[in-house]
Amino acid sequence: MRGALTRLSTFFALVAGALLMLAVGVTTASVLRGAVLGRPILGDSEIVELALGVAVVFCMPICEMKGAHVLVDFFTQKLPKRGIAGLDAMMRAVAALVVAVLAWRLAIGGYNQWDRERESMFLQLPFWWGYAAAAIGMAVWSLCAAFIALESFARMRRPA
């Protein structure tokens, strides 16, 4: 299971990297066009905003799988390994639940955007796809957090 989730989260991270490169390319092209022609690319900020929002969410599953989130361990440094594993398991389980709720709400928000046919001002890009992509990224993140929580619970039960 770890291997499958790691491969899936790596795929999402690669897509996030491509979205970041898109944002860099659009921003660079818009600045150059503005300098040369006196007009930036119409709707450049719309493309960048949507790409960056999705990219951030798509990076979170790999951070979860690699344990690369910010960790404040000042108060837990002197705890035994089982105690640290227990706290880690609880926090990962809470994270999985919170992120699952966020995925659910993003899915509902995306449906509402689709139903109302909401679009960006200049390029008329539909908003729903950004919500849908973020909901999928959050769902994968939630799965990763739940898996890591289960691993931590198992580590906590092992004899010291």
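A Cβ is built for glycine as well, from the same backbone N, Cα and C atoms used for every other residue.
Curation plays no part in TrEMBL annotations; they are all automatic predictions.
Annotated domain 'Tripartite ATP-independent periplasmic transporters DctQ component' per TrEMBL: 24-146, in sequence order.
Taking Cβ pairs closer than 8 Å, the transmembrane segment (50-68) reaches residues 2, 5-6, 8-10, 12-13, 15-17, 19-20, 22-23, 26, 95, 99, 120, 125, 129-130, 133-134, 137-138, 140-141, 143-145, 148 in its own chain, all 6 or more past its ends. Residues or ranges marked as transmembrane segment by TrEMBL: 50-68 (among others).
Among the features that TrEMBL reports, transmembrane segment is placed at 89-108 (among others).
Marked as transmembrane segment by TrEMBL: 128-150 (among others). Note on the transmembrane segment (128-150): residues 1-2, 5, 8-9, 12, 50, 53-54, 57-58, 60-61, 64-65, 67, 89-90, 92-93, 95-97, 99-100, 102-104, 106-107, 109-111, 113-114, 118 of its chain, located 6 or more positions outside it, place their CB under 8 angstroms from a CB of the stretch.
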